[in-house]
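*Asks:* Got a structure for you, written out below as structure tokens; questions coming shortly.
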């Protein structure tokens, strides 16, 4: 009788363990089915040791490059319907509850917060009066929102292969140099938004390819 | 019976484990990652200073545990795994704490409701204690969608915070007031909203025991508090404890943080974007009205425990108090009503026969209301992590309807209170609310004038530091830097200490005809400081000063503001940069 009880308990325990283990495995599979982006908390907080990329820079100056054979994959905005292609070796991260829907690069021992590849320009917040002005004027004056810049060097309008109208700009800093390329895209049907992309540490060919791949995939109603 | 309960526990656990893989409220989870990583890497005090944590100090110990649990499953310094939104090991480690608390509460409910003799001694009618009651109540709790979504889906820890209050409550019933206080004191340190229970807890200790026990309990409460903050005391950084305990005040200065309550209705479903400094009643802003309404509700809860200190009324008071807080205060989160779904189950056996059937209708509606609210809070931010069909019907209309349901439920809860208290006490609470409203308007009605400093700006913008009321701007650095407002050594008691470029906007609700104020550069400013002062009424420039310098005497201006709702006080840098532009508005007075 006692033996029977022990067997019964053992079978039930084993059964319970299997069900619990199965539940955990199902939960694990379910988590894998969810989009697995790197998501960092908003604001200034602790992220552990400075993040490093899988592919480490070997020599200064820091410049991310990728072989032509590296496949490209797609990234889509969490809030806004933009998408672009990027080399799969380029480590991109996003931030929680970020109204600018920024996409940052976590590479080369630079904190991602200082290495933004793309962000939405919320013009109304930057300067309300700019909302209804020509977008080129906004781009020409963009440097005024940053204490490290002192003038605009050039603004060149262009259109990417998906028909998005953009401006390639460079700005003069207080060292009297214009080291970066900033690209701004107009958003169809939205006066209050622009898409801003910065080349940062990216090799020019890669940055150009990313810029060219940018799409706005839905008509967005004006708020 | 016991086997059936074990089966319920097992089923509930399986459901929770399956749901663990849901990334939940991704922002909260990513903050847990950051803060728990800081706690295991650098310790409790370091975490409080070097992260953006806005939880009380005791929660850092929970985060430490979370981090250590995760370390058993993975490497928290493996950046590419740790920060991935669907990092299953972290989801499991973080959610397992609240899930464990769920299990303990279920066991506690089951055990407590089996103590027939004790329940009868506490006033429960033994004929109403059916054999299956412990199993039914424990099952309703453990398989409750409200409880499951909070711990297993969202990833929050309401059940952990509440566990301490519930344990303390039962210990009080078992005549162990000092041990009860010891455990109770941990709750508010883990989840700050548990502070709502503190006055009622001590009122009950006073009435159920005596004053001597209250004094001993208070000593224990303070001792536990000191033990929790001991690392801060040792390192001489207790001011950060105060910061952690107060940082949430005006952290999100909105009418409702997705809470389907009174203010969600007032803001027409835009509670997350409507400031609670907007004037809603006479010259009072929403925050103040909400505080007074909550105070009236809280007074009823306290009176109930004070006048009729039974186990039933103690639980009822806790329930009524927390729901008043959720429903009537501004800046309420969607999860603040969660304890109601748990406390009501502890209340059930104590209810009189006439309320028993009514109870289950009330309870079902509460669960529907709270679950929809928490789910809405989740899917507004992360629609992919909620239930598809429910997400599809979550919109402005349904959330406002749910807010009306919250109000109806509040009224439905009143008979459970009124049956124990005379109507006169309810009227007294209403009278207290009216008196507070009248007192707030007294200087306006009687004197015809009041200081603008008694208004909170609906918009604050300044390029350096933070707005200081009745102090100069440098006071923002902490109490050691506090300094009175002055200009060229003319000192003022009242006013705003700000810094160019700044813009303060106040909602005056068209109740005033004139504004008089002095203005000038603060004495603490460096010699090169300059600024121009402007006053706007509903967006129109009403006054602009000359360029003011550090050695100019303060100036005086009076402007007509009849019919104006929004008054703006603006300071510009006079075109020469903002460096050192400490600018003050002195003694700003509004006239009826």
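The backbone N, Cα and C atoms fix where each Cβ goes, and this holds for glycine too.
Because TrEMBL annotations are produced automatically, they should be read as predictions rather than curated entries.
Quick caveat, the model's predicted, so the values are computed rather than measured.
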*Asks:* Name the residue range among B:270-288, B:289-307, B:460-478, B:479-497 that TrEMBL annotates as transmembrane segment.
*Replies:* B:289-307
*Asks:* Could you tell me which of the ranges B:88-113, B:244-269 is annotated in TrEMBL as transmembrane segment?
*Replies:* B:88-113
*Asks:* According to TrEMBL, which listed range is transmembrane segment: B:7-27, B:133-153?
*Replies:* B:133-153
*Asks:* Answer with yes or no whether the transmembrane segment (B:217-234) touches the transmembrane segment (B:160-186) by the criterion of at least three Cβ pairs under 8 A, sequence separation 6 or more.
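*Replies:* Counting Cβ pairs under 8 Å (6 or more apart in sequence), the transmembrane segment (B:160-186) reaches the transmembrane segment (B:217-234), since there are 3 or more.
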*Asks:* Please indicate, using numbers and ranges, the residues of the same chain that are 6 or more beyond the transmembrane segment (B:425-446) and have a C-beta under 8 Å from a C-beta there.
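*Replies:* Distant contacts of the transmembrane segment (B:425-446): 281-284, 288-289, 292-293, 295-297, 299-300, 303, 307, 414, 417-418, 511, 592.
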*Asks:* Could you put numbers on the helix, strand and coil content of the domain 'Glycosyl hydrolase family 98 putative carbohydrate-binding module' (B:446-592), residue by residue per DSSP?
*Replies:* 13 helix, 72 strand, 62 coil
*Asks:* Do any residues, 6 or more residues outside the transmembrane segment (B:133-153), come within under 8 Å Cβ-to-Cβ of it, and if so which ones?
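*Replies:* Hits for the transmembrane segment (B:133-153): 1, 4-5, 8-9, 11-12, 15-17, 19-20, 22, 24, 95, 98-99, 101-103, 105-107, 109-114, 159, 335, 338, 341-342, 345, 348-349, 363, 367, 370-371, 374-375, 378, 385.
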*Asks:* Could you tell me whether the transmembrane segment (B:217-234) and the transmembrane segment (B:44-67) have 3+ CB pairs under 8 A, leaving out pairs under 6 positions apart?
*Replies:* yes
*Asks:* So, do the transmembrane segment (B:192-210) and the transmembrane segment (B:358-380) meet, by the test of 3 or more Cβ pairs under 8 Å (sequence gap 6 or more)?
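*Replies:* Taking Cβ pairs at least 6 residues apart, the transmembrane segment (B:358-380) and the transmembrane segment (B:192-210) are not in contact, as fewer than 3 fall under 8 Å.
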*Asks:* Is the transmembrane segment (B:358-380) packed against any residues at least 6 beyond its ends, judged by a Cβ distance under 8 Å, and which are they?
*Replies:* 24-25, 140, 144-146, 149-150, 153-154, 258-260, 333-335, 337-338, 340-341, 344-345, 348, 351, 386-387, 390-391, 394, 398-399, 402, 405-406, 408-409, 412-413, 415
*Asks:* Could you give the mean pLDDT over the domain 'Glycosyl hydrolase family 98 putative carbohydrate-binding module' (B:446-592), rounded to a whole number?
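*Replies:* Mean pLDDT across the domain 'Glycosyl hydrolase family 98 putative carbohydrate-binding module' (B:446-592) comes out at 92.
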